[in-house]
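If you look up Swiss-Prot, you'll see 1-8, 111-122, 173-736 marked as topological domain 'Cytoplasmic'. Among the features that Swiss-Prot reports, transmembrane segment is placed at 9-29, 90-110, 123-143, 152-172. Per Swiss-Prot, topological domain 'Extracellular' is recorded for 30-89, 144-151. Sequence annotations record features per position, and here Swiss-Prot assigns compositional bias 'Polar residues' to 201-210, 254-269, 473-482, 513-540, 573-586, 656-667. What Swiss-Prot records for 201-226, 240-500, 513-736 is region 'Disordered'. Annotated compositional bias 'Basic and acidic residues' per Swiss-Prot: 240-251, in sequence order. The compositional bias 'Gly residues' annotation in Swiss-Prot covers 316-363. Look at Swiss-Prot and you will find 448-461 tagged as compositional bias 'Pro residues'.
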Amino acid sequence: MLRPATPLAVLLAAAFGLLLISVLSTPIIKAIPLGEYVGVTFGVFGYCINNNARCSPIEIGYDEGLAAALADKNANFDLPSQARRTLSTILIIHPVAALVTLIMFAMSIAAHFHSPSHSARYLLIVFIVGLLNFVICLLAFLVDVLLFVPHMAWGSYLVLAATILVALSGLVACAMRRTLVSRKARKKRIEENAEMSGENFYNRQAQQVTPPAENKPTVPVVSGANGAVGDKLPSFATYEKRDDLSSEDRVPLTANSPANRSPNAQYNDPNRPDGQFNQPRRAPSGRDQYGNPMEGPTDSYGVQRAPSAERMNPGARGGYRGRGYGPPGRGGYGYGPPPGSRGGYGPPGRGGYGPGPNGRGGYGPPPRGGYGPPMRGRAPPPGYQYDRRGSPAEAYGPPPGQGPYGQRQQSPGPPSAPGYGMNGSTPTVSSAAYGHQHTPSDDLPRAESPPPLPGTEPMPPVGQAVAMDAKTGSPQVPQNGFTAMPPPNRFGGGQQFRDSDADIQGMVGLQQGITPAGQQPPSQRHQTLMSEPSHYSQEGPQYVPARQNWNDQRSKTPGAESVIHPSMMPQPLNASRTDLSISRNSPGPGGAPARSRTSEYYEDVAPRFATPDPSLRGTPVPGQAGGRIPPPINLPAGGPDFDEMPDGSRSPAASERSTFTSISQRGINPRWNPPPPSMMPGYGPAPQRRPNRNDMLLNSNPDFELPTNRGGRGGSPPRAPGTSMIPGSAYPNGRL
């Protein structure tokens, strides 16, 4: 093991070897001379003449024979022969130098131990011996120089090398001692300083009283039950943590799809007789596709639906076989009120096409009664979808827009109805949700259900997300309810919408009047004579794009030509000049100029927020003001002609790079839920509508009162006085 004294030992070992070689010179080893001249070799203990043919005995100093041998050659040495013979005795210094070097080498070996190496005195002795050894070695070399100059041999130079090594060993011994002394002096200074030595710290620690340890009761050790003897499990749990491959901060917010916006993925089912697409059904969950909690059963779009009248009360008598939920009917289209009441749509009709299933009358004149007030039960839940069944007239001939005889089809509803655009063969959610079994009575024809009037449907919750369909602009419905998308130029302009422009296609489809395939206009639904009270069941005006009939109103308004110039009306951007002239000069069926269907220009207004044109409203409900013409738009006479603007001057209808071109075209965040009503100023319960005078008159007229239930099982209490239908509504959905 290396120690600080190791270099010292190495140097002294080398010096001792060199001095030993010089001592063993001629005549002991004839090959090692200290000096050589005219065939005579010199050593420490004698000499040899005639090329080592004859040697002197081993002794200290040279005898008289050397002088005789060098009688004629003595003048060639620097010293006379007598002086050289006297100095030859000093050659004994070579063995002394070797001996001192050996002693110093032994001391250096002892300095490798702990006690001598940490003793300043021992190292001091080593250093002193080293100095003495250096002096002796130096003296031996000087004797060689004096005796043999200028005929020195290589043996004398070995003594010089040994002298140098002894000097270096003395320096090493001095350094060792100096290091040790400095270390001890520093330690002494530290011991004298109480703060540096830590004495004060330990004194303070000793003064602090340690609280006695509490003796906890020992629990007896039971083999296999408790105790550290049988518990060989580690006292702590170790876990391995893997580095995340991707940080959450680097994941885009739109990486996860919020919901399946089109759950009705269509596929062919070979088991279906009609060969149409099936509607897949997902398992019910506690939330809809937008994350909003639901209380009742939902359809495939996550919209809450309530069961139909027959599904909610399968044990009721009559059903739609002529009796409904009220008294036995004697004909007419009425099949009973919606769920929650027991009155019909009026008194039974008389006469008509003949008896219906289980009924005693046929298709008679229109009923003369009003709507029966609600009796037992409650109003249908919001979003209730009335049962859509075929009309009894199918047995006698299909009405306009219906299928072949005996085939049941779903009665088309308004665009706002939940069943809009859906296949007639699609099963309802209410029947699937309540597990109603198919009975023979389900195949019987039934009169169509009038849709609710506009404004009577419950307002959707504020803040609920609504996904717009790509073609209709309404909540998504199966795609088979619309005609297939034609080749490019469907929306005009020679530009095809991409698949990502779903919202734009839906808005353009609504504003250009594209209707679902296979359905007829609302004006063709009612084929019978309607009485004055029956106007309550008429459908509201269909949505008409804004500014479509302004030209018609302008033509009927005196001075309209002077207010708005025809060139200043919005025209399609990609329409040619010929199309513009035709659209301005050729009046349509309603007297308004015909709009070009090749236009890409559309109003950037959501359909449900657009105000219908007053000119297209039907007969106004009694008690309400008639249609009003919007005020004229006073534009400067010399204003720019928007029809003359080339493509690209306005906001484009579609974009090649981005799905959205303006803020109004951006979709609604499907995951946004509004705060409680108490935290949203301006949002509160809708004000109650004032009762209509005509409704009050009809309710007070006994001719429009429905009789109480007759023949019901167990009977039922008579209708409570004071009940009436909701003002402004065509359905007896609840109490006022």
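Every residue, even glycine, has its Cβ placed from backbone N, Cα and C.
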Counts by DSSP class (helix H/G/I, strand E/B, coil) across the topological domain 'Extracellular' (30-89): 18 helix, 11 strand, 31 coil
Intrachain neighbours beyond the topological domain 'Extracellular' (144-151), with Cβ under 8 angstroms and 6 or more residues off its ends: 34-37, 42, 76-79, 84, 87-88, 91, 159
Chain residues in Cβ proximity to the topological domain 'Cytoplasmic' (1-8) (below 8 Å; excluding those fewer than six residues from its ends, i.e. six or more beyond): 108-109, 111-112, 117, 126, 169, 172-173, 176, 179
Long-range Cβ neighbours of the topological domain 'Cytoplasmic' (111-122) (under 8 Å; 6 or more residues past either end): 1, 3-6, 8-9, 176-177, 180-181, 184
Average model confidence [pLDDT] within the topological domain 'Extracellular' (30-89): 79
